[in-house]
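Annotated features in Swiss-Prot:
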- Leu75, Cys76, His77, Met113, Glu114: substrate binding site (BINDING)
- Asp128: active site (ACT_SITE)
Amino acid sequence: MASLTHLDATGAANMVDVSDKAATARTARAEGAIVMRPETLRLIREGDAKKGDVLGTARLAGIMAAKRTHDLIPLCHPLLLSKVRVECEPDAALPGIRITAEVRVQGPTGVEMEALTAVSVACLTVYDMVKAADRGMRIEGIRLLEKSGGRSGSYAADPA
């Protein structure tokens, strides 16, 4: 089992020193979903939510969140991200919205947390924008789908 890189010999939390690591291409993809009543999904699809464009706002919130991950997660490094893509897809089978994020960087550390943060905040934004219609919505299934680059190599999640 790999050691925890954010803990020193005494068990205290520390930001990992990446100053000696080479900048390499790194990518991460994450997913999540927000499950809601069919009527709530219909409001979103038809553009009838009182707060406006739910999916567009959630997409932008996810992008902004990826860029601010270092402000939200204490031991994350600030990164010069080269790409953040957030997709919000209505899914009647849930019913709800499936959200995915892809983040890229040319840097000394990975972007898994940025992808996960983008999905999380996009889901929270959907909740915020339609909570007046459906307070029983559930955010679920947030996970890393895949990552590539860096010393630890590639990772792909088992199919759900």
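Cβ atoms here come from the backbone N, Cα and C positions, even for glycine.
What you are looking at is a predicted structure, and each value in this text was computed from that prediction instead of being measured.
For the substrate site, the Cβ centre of Leu75, Cys76, His77, Met113, Glu114 serves as reference, and the other residues of the chain with Cβ at most 8 Å from it are Thr69, His70, Ile73, Leu79, Thr109. For Leu75 (substrate binding site) paired with Asp128 (active site), the C-alpha to C-alpha distance reads 27 Å.
Our reading of the substrate binding annotation (Leu75, Cys76, His77, Met113, Glu114) yields a largest Cα to Cα distance of 12 angstrom.
Of all the recorded positions listed (Glu114, Asp128), Glu114 sits in the most crowded Cβ setting, with the most other Cβ atoms within 10 Å. Neighbour counts of Cβ atoms within 10 Å were taken for the binding-site residues Leu75, Cys76, Met113; the minimum is at Leu75. Using a 10 Å Cβ-Cβ cutoff, His77 (substrate binding site) registers 15 neighbours.
His77 (substrate binding site) and the residue listed as 'active site' have their C-alpha atoms 28 Å apart, to the nearest angstrom.
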